[in-house]
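In what follows, a structure is listed as structure tokens, so that the remarks can point back to it.
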Amino acid sequence: MLTRRSVLMTGAAALVLPKVALAAPLVLRAEPVVAQILPEGDGTTAMLGFNGTTPGPELRLKQGAELAVRFENRMGDVSAIHWHGIRIENAMDGVPGMTQPPVGDGEDFDYRFTVPDAGTYWYHSHHRSWEQVARGLYGPLIVEEPNPPAVDHDITVIVDDWRLEESGTMMEGFGNMHDFAHAGRMGNFARAIPSVAEVRRGDRVRLRLINVATARIFPVQLSGVAGKVVALDGMPLRATRDIGDLVLAPAQRVDIIADVQDDVRFDFPTRDEPYEMGRIAVAGENPAPLGGAISALPAASVAAPGTPTQNLTLRMQGGAMGAGHGGDDIWAFNDVSGMKDAPFATFKRGETARITMINDTAWPHGIHLHGHHFFEVADGQPGDLRDTSFVQRGETREILCTFDNPGKWMLHCHMLGHQASGMMTWVEVA
Ligand code: C2O
Ligand code: CU
């Protein structure tokens, strides 16, 4: 859990996310940065970032547009950038050793792809990600609808935690096997970082929450607004939903459209006082609030699932307090740890599969499939579209996925220490 010290360190000066206007070709330069993660006046933290900041700059473009990014690796280690959730061309997926060669320190790599779906996405390192993402190598990627819903502010909120010394220095020990065998590398200081510091009472806002933490599942208590959840993992809900208790597993996103009533607070519920992770202050009054009903976003273009031609089981195994398994590392899927020559499954292009994911471990996991969105089955029906599915310990979740994107795609736990210690595999769409 978050420490008392971090509870005392709230009330911090608001960090505001940097933004860039897209000028093609855009450069994302991975490099060492110094960040003020702790409150202003406390120590700074040596991290990694893009173009001088962590989180990296927000990339924002229209649905269907092309993103051209020159990745300049100047961070002192090999890397590659993965565009999380984007139904992308395989060669641009950013998995070093599988979809592209690793980009060496001092080298460049050009990414160029179109973004087929409007929604809230993000980019992050996909090499030693349990360490590089924890050190700060990530940023938001926002794809706007052709006619976005009317709001006064479109606000990205990065949710993360960090494991810091009192001085602000980031604690080392990234590959700690004890962390990996349990819930992962948990931070002791957490924040929700909004891209806007102030709003007016009566403003309509769109909040795009992104959990970029490498291990922590964030429950978020949102207050100061009245509105609806409109999208999960970038994908519009068919019908809007009450906000209620938000829970974001690592890599998951939630979009909310809401009207501001008071300071907008992002709290982490605890047994005592809620832990304030972030706040957007209210200043003044909107003289002409937009008001009116909050309607669903335009439907996603992901096709309804066909009749499944394969029924597969993905059993999560291993970890502390778990039963043994046949894999050769801490975690396994179906008795296999890590990337092997043979994929978990091979699909003909366009084939629909039902995958029953069984969490046979003592820990929760967030299972991410690259290059596709899939339906979580609810009451026997295709329900929410997601790219990362949160599966509690002991829980079984069925998904339906139409594998219509050719290539080699990773399937892994997005608790990145779990991924690193065996909970990853891949599928091939021929
Ligand atoms: Cu967000 Cu394979 O990663
Ligand atoms: Cu996991």
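Note: Cβ is positioned from N, Cα and C throughout, glycine not excepted.
If you look up TrEMBL, you'll see 38-147, 191-263, 329-429 marked as domain 'Plastocyanin-like'. Sequence annotations record features per position, and here TrEMBL assigns signal peptide to 1-23.
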Residues of the domain 'Plastocyanin-like' (38-147) by DSSP state, where helix covers H, G and I: 7 helix, 51 strand, 52 coil
The domain 'Plastocyanin-like' (191-263) - residue tally per DSSP class, helix then strand then coil: 0 helix, 53 strand, 20 coil
DSSP-derived helix, strand and coil totals, residue by residue, for the domain 'Plastocyanin-like' (329-429): 5 helix, 57 strand, 39 coil
Model confidence over the domain 'Plastocyanin-like' (38-147), averaged pLDDT: 97
